[in-house]
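Going by TrEMBL, these are the annotated features:
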- 21-44: transmembrane segment (TRANSMEM)
- 50-69: transmembrane segment (TRANSMEM)
- 366-460: coiled coil (COILED)
- 470-702: domain 'Histidine kinase' (DOMAIN)
- 768-881: domain 'Response regulatory' (DOMAIN)
- D817: 4-aspartylphosphate (MOD_RES)
- 890-1006: domain 'Response regulatory' (DOMAIN)
- D939: 4-aspartylphosphate (MOD_RES)
- 1036-1153: domain 'Response regulatory' (DOMAIN)
- D1086: 4-aspartylphosphate (MOD_RES)
Amino acid sequence: MTGQKDDSSILNSLRRGGIARVLLFWLVGAALLPIFGVTIILYLELQQKVVLIGSISAAILVIFAAAMVTRSIVRPMLQLSRCARNLAIGNLIYEQISSSIYEIKHMDNDFKELIDSRRLITSVCKEVAGGDLSHTVFVRSEEDGLCTAINQIIENLRNVVHQAVAIANGNYSLDILPHSDNDELGVALSHMTSTLRQVTAENDKQAWLKTGLNQLYDTIKGEQDLIELSQNIIGFLSNYAGAQVGAFFLQEQDKFKLVASFAYTKRKHIANSYAPGEGLVGQAALEKKSILITGVPDDYVKINSGLGESAPRNLIVVPAVYEGEVKAVIELGTFHELTDIQVDFMQQSVSSIAIAINTSASRSRLKVLVEERQQQSEELQVQQEELRQTNEELEEQARALRDSEAKLQVQQEELRQTNEELEEKNRYLEKQQNDIKKKNEELEYSRRMIEEKARDLELSGKYKSEFLANMSHELRTPLNSLLILSRLLYENKESNLTEKQVEFARTIHSSGSDLLELINDILDLSKIEAGKVDLFIQDLDIADLAGSVERNLRHMAEEKGLTFDIELSQSMPSIIRTDRQRLEQIIKNLLSNAIKFTSQGSICLKIGRPYSEAKLMRSDLDIRNTVAFTVSDTGIGIAADKMKLIFEPFQQADGTTSRQYGGTGLGLSISRELVRCLGGEIQLESREGYGSTFTIYLPEILSEQSAYKLWTVKKDAADKKVVRTGLPEAIEFTQARDTKHIVAEIQEQQLASRSAKDQLKDNRLGVSVLIIEDDPRFSAILVDLAGGKGFHVYTAADGETGLQFALKYRPSAIILDVGLPDIDGWAVMERLKGNPETRHIPVHFISAYDSGLDAMRMGAIGYLTKPVSMEVLDGAFNKIQDIISKNIKKLLVVEDDELQQRSILELIGEGDVMTTAVGSGYEAFELLRTGNFDCIVLDLGLRDMSGFDLLEKIRNHDAISHIPVIIYTGKDLTKEEEAILSEHAESIIIKGVKSPERLLDETTLFLHRVEANLSEDSQKMLQMIHNKEMIFQNKKILLIDDDMRNVFALMNVLEEKGMKVLVGKNGKEGIFLLEDNPDVDLILMDIMMPEMDGYEAMKEIRKQNKFKLTPIIALTAKAMVGDRSKCIEAGASDYLSKPIDTDKLLSLLRVWLYQ
């Protein structure tokens, strides 16, 4: 309102005539000017010039005066206009207006008052915004609505602050009334105050309840008898709940008797004990529920005081229940009506009361028992007195023992001094260890740098490897079907093909095999270039190598009418150490090229020492310890400018050569790289048109420095295949046949002079041993030792001969080497244990490979790693004698289920086996320490400890750690548990439908029982297990492959063996089929398929618990390094590369279908 008044005063000032006067004055002047001019002209007609000048001067004066007047009015008005605009945008800065005109001065004062008023309002609003509510705005008039509203806002805010302070101080009793329906702040504060009031009340109740329970706990804790405890409880409850009378009824036999009370007066007509269901006390005990009664009659019970008596109006009866049994009943009476929180307190407190009563009663019973025990102790004291005399006699013996103990203390002191010396040595060793650690850190840094460079090299070969892998897949997939179907055709099992058709099929199979060799050459080259060559270093007989080469290649030379000669120099060593397979591959490759490119003349292979003038390029090759293999021919020769080119992949001396002679140009490239891997080099001399000479220079003994890459070989007996483990940190050698230092005591002259007749002398014990060892020197040592032990000895230099001798002579025991020339020792062991006639024969391994655990799992009685000493060999023969002389084998069965114990005893039978059954781990361990057991059958669920703990104790005890352990359990094993058991146990059998047969089979294997001596039922069970064809019958196989040619070929093979085959065209379809046929026994999974590949499909299958144990064999044509590990990680049980060898496939199926 003040602002409006100021604006009106300015306008009124303008209206009061200031401007009108100026304008009137100007108009009058302007009107009179011509009148005075005419008069002057008439009057001074003769003085025209003077008049003219006067007129002009007057006009100028009038105009000047008018301009000055106008300026004095307009300028202040412009200043006022500018101030008004500033005020409109909130700028309260005012400029002083100077003017002599009254109206303008009055308007300036009014405008200044307006701005001052706005400044005051703004200042107060700022203080309020900052939280200062002590200021108000001066109201200039009743119409000043703005200032009145601001003051009302300040007053409302003061009220809100006052109420908030009261709430903060905990005063929730204030009622806040909203100023209007739209007063949102007032409504919110009122609702908040009401909510806080309710929450506070509820918290007070809960605090009261918890305080009461805590005080009750303090009341009942400690050792109190039942009467004292009852009195303390009823007194506390009555006081805390505000009850004026109370009674405590304790259970005694079948009734509840009054044992304690609060302000209760007993009456004659009121009973002091109640049976369940009798009265309110008995009813509460019967129902085990609280009873609350209001409006109690006046004559029910009286509450007495010094001033008078009165009846309670409310009763509550609460039973105290412990583990379903009512221990006591509490009754309280009050004048006032019990609140809900008081009732809740009573119901919550009785559980603690029941526990306290039960504890006190137990303590009382225990006290009675202690008193009885004290009485017995007094009786025993009499007996002890009788024993005192006996103890005196024993004390004399104890003194003698103390004398011995003193001697032991002297020995312990000497031992302590020895320990101190050892600790000093340990500290010195720790210092050395720290130094080694620092050096290792430096080596680790160097290794990381080398690995980083290796990763760069690996990246550069990525695209090449991918190309080779894809090419391998595209070629192997159709080739797989071709080889399988052509073999089925030329075998002609149904005899429905003519001889010509059979020959066609054989030709197809032969051509496919040639194509497979080409693919393998390409992959070999890629592996060589990737530095992933597998070498098997062994002693190699040069003469044997020459004979093998001649047998394989002479017919090729003779077919072309060429002369083929092999010359062995007298100066060459008879034995060298290298990789026989790789060397033979190189020589065959060079000779095949020589025969291919020679149309007439001769081919010659010379083996001997290099000529003295030979120049070797490799610095690590010593000409004195080098063997030269020279292949010469009289063929087309090689031009000088092409000699380097022919060693490059896919290159030949001339482009026309490949068209005339065929071939891919890979042979020489592979040969050069393999020679490098063997630590040697290859040189070429040739003259075009006259023939070529290739010379290979190899070290006589392949050493660590000259080897390009080396891998150790480990036999995986569980998978029945060889697994290769690379050693990136440091190159180590697999010593295949190191006999130079096997037995130092046996001189070379003794071995040379011994005759074969001495080796086969008659035995004294009536037992024989078969030695399967290809090293003649070490074999002679074993023959000598066996003969000295009284064994009749048979020897075999290779696996096949050894198997024939085992069947023919049925030896009492076999000593077996792993690295044999034709089939290795693992395959021999597998065939021995797979034949019922030789399965019982104990086999002891002596080999350069460190694979003892695998050998024991296959049923071996022992494993020695070369080189070995005479004492170790003597111990091995003694162990063999102990086993074969033991007519009765001892088996320990550790099983807590008596029914299972009887089942196992009936299954194993008696006769040649004495079986002992125990139910706890402690009993088993004690028996093993004192008894001489040959095998253990162990269940994992025992009474006192787990089977895992017992197995660990057995393996950590040197005297019994060698005993074979068969895990026979019904527990579902996790991967971690299975891994632990696989490391420490020889076999794991999960109890199921076929588990008894497997248990009989495994115990027969490890106890070396003769199958013919078993009962007929047992023999039939074992025959069913080892029947290789029966295992295929009616098995359901899921084949997942998108190539219908492979599907057709594999279906024929599988159905011919009696299996049922389901076919899925890709991963998704295969999973759907598996869902519809959960009884599938095995899955054959191709890897490269559309929609969902094999890796993803296997992962999806393994996610489902019901298919976690279903065997999956992965089939892939990408036979590259790392494929097997990728398949196993994805969930495959095994792996097979294409083209699929049906014999290998069927062998794998037998393994996994048997499991």
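From the backbone N, Cα and C atoms, a Cβ is placed for every residue, glycine too.
For the modified residues listed here (D817, D939, D1086), the lowest count of other CB atoms within 10 A around the CB belongs to D939. Across the domain 'Response regulatory' (890-1006), the DSSP tally of helix, strand and coil residues reads 53 helix, 26 strand, 38 coil. Here D1086 (4-aspartylphosphate) is positioned 38 angstrom away from D939 (4-aspartylphosphate), judged by their C-alpha atoms. Distance from the CA of D1086 (4-aspartylphosphate) to the CA of D817 (4-aspartylphosphate) is 37 Å. Look at D1086 (4-aspartylphosphate): DSSP puts it in a strand.
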